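Asker: From Swiss-Prot, here are the annotated features:
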- 107: active site (ACT_SITE)
- 24, 25, 26, 27, 47, 52, 82, 83, 84, 85, 133: NADP(+) binding site (BINDING)
- 190, 226, 230: Mg(2+) 2 binding site (BINDING)
- 190, 194: Mg(2+) 1 binding site (BINDING)
- 251: substrate binding site (BINDING)
- 1-181: domain 'KARI N-terminal Rossmann' (DOMAIN)
- 182-327: domain 'KARI C-terminal knotted' (DOMAIN)
């Protein structure tokens, strides 16, 4: 898989173009400011006079309604939540799409599953930082960047690569490295990573470990340190050095215990469950379930959020994070 860097990309394809960033959350703010600071012509499309409108104004952006931005722009970069995109697209963006324009995303969800179907003659691309928005902005300001992905679903103008690569360069992604993939691959791997490992798997593993120690009579504070707080140390080692060097950096006791016991935690059944989660993503079952949840105003999701907030590990964690001076990071 080829990795592109700054020297591989040029901004030329966007020099005379207007980019409308739709949405001003974490990614919207970071990506729009980075492109603006790279010398590109950026406008921000938002609901008029909302909190994001005022924030974008304060950051020095040319802010307008979504309809005005969609009409004005050559490239429309949609960065509002996945579940809102199709509705906003149909009512506020689609009427202003003309041949030669480019529709851009940072997640392929709505294109891949067919909730947004662009008209003929419109490019469809994706540029996705592989990092939270705050890190996208901070590393750019420090003169570097975060890695990212680019995809081209439809190349109606025969220069979609030039456009999406220029966006990646403007955001600062090519400073760290950019990989070209597909909407299908980006969407399905992103959802799987979130559900099975990064957000779902890891949190359930932490909770199970914490509860095991507490139920055995150990102090909740000790349980938190050993199953949650110290996780960052290990993740940072893996992030920076890989698995092999992580093992080299921990004690022999930790290495031997981890290598000989890990397969009893993540078993063949665990991997089978992961495969089923992946099938649900691939065949659209998860997407259908998520959209049904939206139709009932996220009742189940809200209930799960309340239950998570009531966990003992949350109470203990809040106390220890304050003790460690970490509360400012939350």
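Cβ atoms are placed via backbone N, Cα and C, with glycine included.
Keep in mind that this is a model prediction, so the values were computed, not measured.
Show me how these features fit into the structure around them.
Answerer: Residues within less than 8 Å, Cβ to Cβ, of residue 107 (active site) and separated from it by at least 6 positions along the same chain comprise 82, 126, 128, 186, 187, 190. According to DSSP, residue 107 (active site) is assigned to coil rather than to any helix or strand.
Long-range C-beta contacts of residue 24 (NADP(+) binding site), restricted to its own chain and to partners at least six residues apart, with a cutoff below 8 Å, comprise 32, 44, 46, 52, 53, 55, 56, 79.
Annotation note: residue 226 (Mg(2+) 2 binding site) sits in a helical segment as assigned by DSSP. All protein chains included, residue 226 (Mg(2+) 2 binding site) registers 14 other Cβ atoms within 10 Å of its own Cβ.
Neighbour count (other Cβ atoms within 10 Å of the Cβ, all protein chains): 18 for residue 190 (Mg(2+) 2 binding site).
DSSP gives residue 251 (substrate binding site) a coil state; it is part of no helix or strand.
Confidence for the domain 'KARI N-terminal Rossmann' (1-181), expressed as mean pLDDT, is 97.
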Asker: Tell me, how many other CB atoms lie within 10 A of the CB of residue 26 (NADP(+) binding site), whichever protein chain they belong to?
Answerer: 15
Asker: When DSSP states are folded down to helix, strand and coil, where does residue 24 (NADP(+) binding site) land?
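Answerer: It is coil.
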Asker: Highest Cβ count within 10 Å among the binding-site residues 82, 194, 230: which residue is it?
Answerer: 82
Asker: Please tell me which one of the binding-site residues listed here (194, 226, 230) sits closest to residue 133 (NADP(+) binding site), measuring Cα to Cα?
Answerer: 194
Asker: Do you know offhand how many angstrom separate residue 47 (NADP(+) binding site) and residue 194 (Mg(2+) 1 binding site) by C-alpha?
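Answerer: Computed Cα spacing between residue 47 (NADP(+) binding site) and residue 194 (Mg(2+) 1 binding site) is 29 Å.
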Asker: Could you check which of the binding-site residues (194, 226, 230, 251) sits closest to residue 26 (NADP(+) binding site), going Cα to Cα?
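Answerer: Checked the binding-site residues 194, 226, 230, 251; minimum Cα distance to residue 26 (NADP(+) binding site) goes to 194.
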